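Feature annotations, courtesy of Swiss-Prot:
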type    : residues                       : note
DOMAIN  : 2-83                           : domain '2Fe-2S ferredoxin-type'
BINDING : Cys34, Cys45, Cys48, Cys67     : [2Fe-2S] cluster binding site
DOMAIN  : 83-122                         : domain '4Fe-4S His(Cys)3-ligated-type'
BINDING : His99, Cys103, Cys106, Cys112  : [4Fe-4S] cluster 1 binding site
BINDING : Cys151, Cys154, Cys157, Cys201 : [4Fe-4S] cluster 2 binding site
DOMAIN  : 221-277                        : domain '4Fe-4S Mo/W bis-MGD-type'
BINDING : Cys228, Cys231, Cys235, Cys263 : [4Fe-4S] cluster 3 binding site
Amino acid sequence: MATIHVDGKEYEVNGADNLLEACLSLGLDIPYFCWHPALGSVGACRQCAVKQYQNAEDTRGRLVMSCMTPASDGTFISIDDEEAKQFRESVVEWLMTNHPHDCPVCEEGGNCHLQDMTVMTGHSFRRYRFTKRTHRNQDLGPFISHEMNRCIACYRCVRYYKDYADGTDLGVYGAHDNVYFGRPEDGTLESEFSGNLVEICPTGVFTDKTHSERYNRKWDMQFAPSICQQCSIGCNISPGERYGELRRIENRYNGTVNHYFLCDRGRFGYGYVNLKDRPRQPVQRRGDDFITLNAEQAMQGAADILRQSKKVIGIGSPRASVESNFALRELVGEENFYTGIAHGEQERLQLALKVLREGGIYTPALREIESYDAVLVLGEDVTQTGARVALAVRQAVKGKAREMAAAQKVADWQIAAILNIGQRAKHPLFVTNVDDTRLDDIAAWTYRAPVEDQARLGFAIAHALDNSAPAVDGIEPELQNKIDVIVQALAGAKKPLIISGTNAGSIEVIQAAANVAKALKGRGADVGITMIARSVNSMGLGIMGGGSLEEALTELETGRADAVVVLENDLHRYASATRVNAALAKAPLVMVVDHQRTAIMENAHLVLSSASFAESDGTVINNEGRAQRFFQVYDPAYYDSKTVMLESWRWLHSLHSTLLSREVDWTQLDHVIDAVVAKIPELAGIKDAAPDATFRIRGQKLAREPHRYSGRTAMRANISVHEPRQPQDIDTMFTFSMEGNNQPTAHRSQVPFAWAPGWNSPQAWNKFQDEVGGKLRFGDPGVRLFETSENGLDYFTSVPARFQPQDGKWRIAPYYHLFGSDELSQRAPVFQSRMPQPYIKLNPADAAKLGVNAGTRVSFSYDGNTVTLPVEIAEGLTAGQVGLPMGMSGIAPVLAGAHLEDLKEAQQ
């Protein structure tokens, strides 16, 4: 700690910080542009000037840039010194000489750091009356709009994109006051994290193009704290709504999880919530048609049918909340509840959970991954299956440069010096996968092989670290040399990290990862292990337990069950579509509860229209076992009284109560959570994921809307001039109104949107943190459900045999895509241009045997259908395998590991 003196007052601060960071952490306002908590200091904008004095007697002082000056013990500075204030105002005036005066038409207006800093410096009159320099804007793809004339040359965009996210296609061109930030030519930004430019840029150069189509100001949107639903990582988000539509998603700061950044799937993949073809009312089949029902009719009709059924089973979903899955389990009984996950995937999920809970190895939070100094990724294409983890791995690898700089006593915020000292030095990263990955550019070595051989590599590494681990026979000398290099790197690391998961389709890969972690722990290393699952609540469903999807289908096929309730699950993704359709056709009653229109609705007798994450509350559990609550953003029935979209748990509990002819006793979310805790002790921690509905601050609920929210009384005037009462939220501590507490200093960690007096942009998160870039002042939201066990597991001993290609037979290797493999986000219209067209990848040798080239269409039979796809040649794919894009149209993820036998060139 250090003692500094600011305008005559004494403060205790972190001596490792610079003065700007220290003052912001104290709640003092210093304007800045080029500095960012995640990017460090370069002193490019000169906006954060303060007056520094030699001692208490010095009255003259000198101007210094606070972002480039350490907060040393005994420092005396003044923020309010007149010369410093005039200098800061003049800097803004320089920047404004070329900045257009277009705030009324700029999409950044009301969410703009430049506006905030201009007001803060007091600059309110423009003296420059001459020609401004202008630029041509670029088309940067479907996600981001580009308006270069608004640029103030703060360099944040390229520092984030190139230095932090390792992007290669955005740069700066030109000189002096005529610089251009963009691509060498028009084209879609290639980085999976390009959307963060929207929040990194302090002006309106980079804005959210998906928001542009239905634009409104930040102060006119309704927000709620939420959790990204597009993968298992559980990033915190702030969805914004207007007129019953999601308009944009912003990053919600969580110092333990996603920090300041999201991936592009999480930021832009929300379009499925706004689809017009979503089920919005319950419907029941009458012959070949569906008739619309109200909620009471739906409940009575469903209950009447279920009463006549001899056995009802329920099929849950890894994309549904803990509460919804539990409500289904209560409806059908624990013994009749099935997870809706394929048997193989469920085995891998249970093993991953066992490793995390009983393995004796620490599981780091997402932010903690950045602190590891050697990383081994076994089997997961992390950028495609858990992209935010990949960004954290990139920071971990860069830790080598920070380590070298620290040895020379260079402060952690001196990023230019760190990059200069590091000269691209990296901590070791080793990656195994069936083919190339997006992390290969920073990897020390990549191993492209079938999953069996990847597992064998992992087992061999574990044995080399600890000879009591099972040995692997038949390792080639060249591969053994690589294993020795990996072992040396992992053994020499203070904090090695092992990353694996369920998406590779191999239980042995997970076992190998666990063995490597155990061997490293035995050598005294501070080792961590991270498991990546498939869906947002895969871990929660795994903890809850239940039979596999195949077991559920068997119940229907044999006639033991004659009614099935399917919860938020497109079963075609987890089993053969032919088998699913045949099994459902045998059931006299098929009830589907979902917020998306799926293929199995063709077999449904009753469809209950449920609410998406934006219209409901619930709890999900991420890949590290962290329970996190998401909250309802808006009530769709407020805009259309015909809409009947209830939370899935509310539908299912109402049905259960109707079936038993009793009063509904779960009238709010807290009642469901209490029931979960009582029945499933392993999930007891979810009660602490967020405060209950009685939480108040000074007697007030928390506001979902900014206090400047406008137009509320006119929003439904086209329907009726009589304004209805605002929706009443009985489930949570939030209110559907601007009338509630939204103070940044209030004792809360669930924050719907970032705003503080004088701070309207995302930089307002500074006001909610205990120190800038640290944790939220009153704790980061969410709670871990299990901690590292003391004992640990024994070594896994089932080493697989080497992969052997078979003539005339090909094994399907899984290829995942950030844009396209996820069930929900692939429905977003904006994603269509970013999704690759379905393909089949072949090794050059296999392509030669078949007599086909790149672009040739080949066909194969699967599930009673003939599939025809164009060939792509993959040099890294081992012969004897074919690669298919998992989750794309007609290519279910359950295909991973299956075999094809009739692959041939398609008839023209």
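Keep in mind that glycine also has a Cβ here, set from the backbone N, Cα and C atoms.
Each residue of the domain '4Fe-4S Mo/W bis-MGD-type' (221-277) gets a DSSP state, and the totals for helix, strand and coil are 11 helix, 20 strand, 26 coil. Figure note: comparing Cβ neighbours within 10 Å for the binding-site residues Cys34, Cys48, Cys112, Cys151, Cys154, the maximum is reached by Cys48. The 10 Å shell around the Cβ of Cys106 ([4Fe-4S] cluster 1 binding site) contains 20 further Cβ atoms across the protein chains shown. Neighbour density at the Cβ, taken as the number of other Cβ atoms within 10 Å, is lowest among the binding-site residues Cys45, Cys103, Cys157, Cys263 for Cys103.
Listed in chain order, the residues near the [4Fe-4S] cluster 1 site other than His99, Cys103, Cys106, Cys112 are Pro100, Asp102, Glu108, Gly109, Leu114, Gln115, Arg150, Thr203, Gly204, each with its Cβ within 8 Å of the site Cβ centroid.
Take the mean position of the Cβ atoms of Cys151, Cys154, Cys157, Cys201, the recorded [4Fe-4S] cluster 2 site; other residues of that chain with a Cβ within 8 Å of it are Ile152, Ala153, Tyr155, Arg156, Phe181, Ile200, Pro202, Thr203, Val205, Phe206. In the structure as shown, the Cβ atom of His99 ([4Fe-4S] cluster 1 binding site) sits within 10 Å of 21 other Cβ atoms. The average pLDDT computed over the domain '4Fe-4S His(Cys)3-ligated-type' (83-122) stands at 95. Taking the Cβ of Cys231 ([4Fe-4S] cluster 3 binding site) as reference, residues of its chain lying under 8 Å away and at least six apart in sequence are, in sequence order, Arg265, Gly266, Thr385, Gly386, Ala387, Arg388, Ile532, Ser535, Val536, Asp822.
According to DSSP, Cys48 ([2Fe-2S] cluster binding site) is assigned to coil rather than to any helix or strand.
Taking the C-alpha positions, the distance from Cys201 ([4Fe-4S] cluster 2 binding site) to Cys67 ([2Fe-2S] cluster binding site) comes to 18 Å.
With Cys103 ([4Fe-4S] cluster 1 binding site) as the anchor, the candidate binding-site residues are Cys48, Cys67, Cys154, Cys228, Cys235, and the one with the nearest CA is Cys154. A Cβ within 8 Å of the Cβ centre of Cys34, Cys45, Cys48, Cys67, the residues given for [2Fe-2S] cluster, is found for these other residues of the same chain: Leu20, Tyr32, Phe33, Trp35, Ser41, Val42, Gly43, Ala44, Arg46, Gln47, Met65, Ser66, Met68, Cys154.
Distance noted between the C-alpha atoms of His99 ([4Fe-4S] cluster 1 binding site) and Cys151 ([4Fe-4S] cluster 2 binding site) is 7 Å. Counting in whole angstrom, Cys48 ([2Fe-2S] cluster binding site) lies 18 from Cys151 ([4Fe-4S] cluster 2 binding site) by their C-alpha atoms. Residue counts for the domain '4Fe-4S His(Cys)3-ligated-type' (83-122) under DSSP, helix first, then strand, then coil, are 26 helix, 0 strand, 14 coil. Here the candidates are the binding-site residues Cys112, Cys157, Cys235, Cys263. The one whose C-alpha lies nearest to that of Cys34 ([2Fe-2S] cluster binding site) is Cys157. The [4Fe-4S] cluster 3 site is defined by Cys228, Cys231, Cys235, Cys263, and by the 8 Å test on Cβ atoms against their centroid, the other residues of the chain that qualify are Gln230, Ile233, Gly234, Ile237, Asn258, Leu262, Arg265, Gly266, Gly386, Ala387, Arg388.
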